[in-house]
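In what follows, a structure is listed as structure tokens, so that the remarks can point back to it.
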């Protein structure tokens, strides 16, 4: 049992790291163009919070036998912080820079509050419950963020905004940590990642259904004129929700979050 627990933890680390590194193409574009253009910075800040909370939960004095959770999320937090710093450096809109910086400050203060409360006011099982609920809630929210993209896929009958590789990684990552949580009898890992695994499976099913769908007039969907504004709003909302919002402005598929 311990060996299986360790193996699924290692596999979860590998798949999670793949997801953390997915936005590198986006940031290469940002650095090359010396501008964030229409990219959203919100997903990186929100993913940073998720990684910090999950890394804290995995520490031995919070929850025993979950050190692998801390290793990958600690690495993820460092990567996300680098993304945020680069993003802030290349934002041309001063108001948007202030907004993203403000969100970063809020995230760091919130994490500091959770850490201090858990250290100074709580002990033993109460500390695990407090940190576990905080990490699980944000993990579920981040895993659920691609729902807007899945809606777009169904509506447009096109998977152009939902790459197969990233959908597969989300499924494998969620499944790995779900089994890791089950083997470790830890509901704060099993539940959110079970949700992530199910949503990843749904994405793969949608991909299988719509990957070869052909429109009568053309292979590429374009919204009717009267719905152009709404389509653009849906697009930007999807970008700002998290998981799929981190590759390119014209393609809101990219970084999947990790709720381990």
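Residue positions begin at 1 at the first shown residue.
In case you wondered, yes, glycine gets a Cβ from its N, Cα and C as well.
For the ranges 6-30, 231-255, the feature annotated in TrEMBL as transmembrane segment maps to 6-30. Spatially, the transmembrane segment (161-183) is not adjacent to the transmembrane segment (71-91); fewer than three Cβ-Cβ distances between them are under 8 Å for residues at least 6 apart in sequence. The recorded stretches the transmembrane segment (129-149) and the transmembrane segment (6-30) do not share 3+ CB pairs below 8 A when only pairs 6 or more apart in sequence are counted, and are therefore not in contact.
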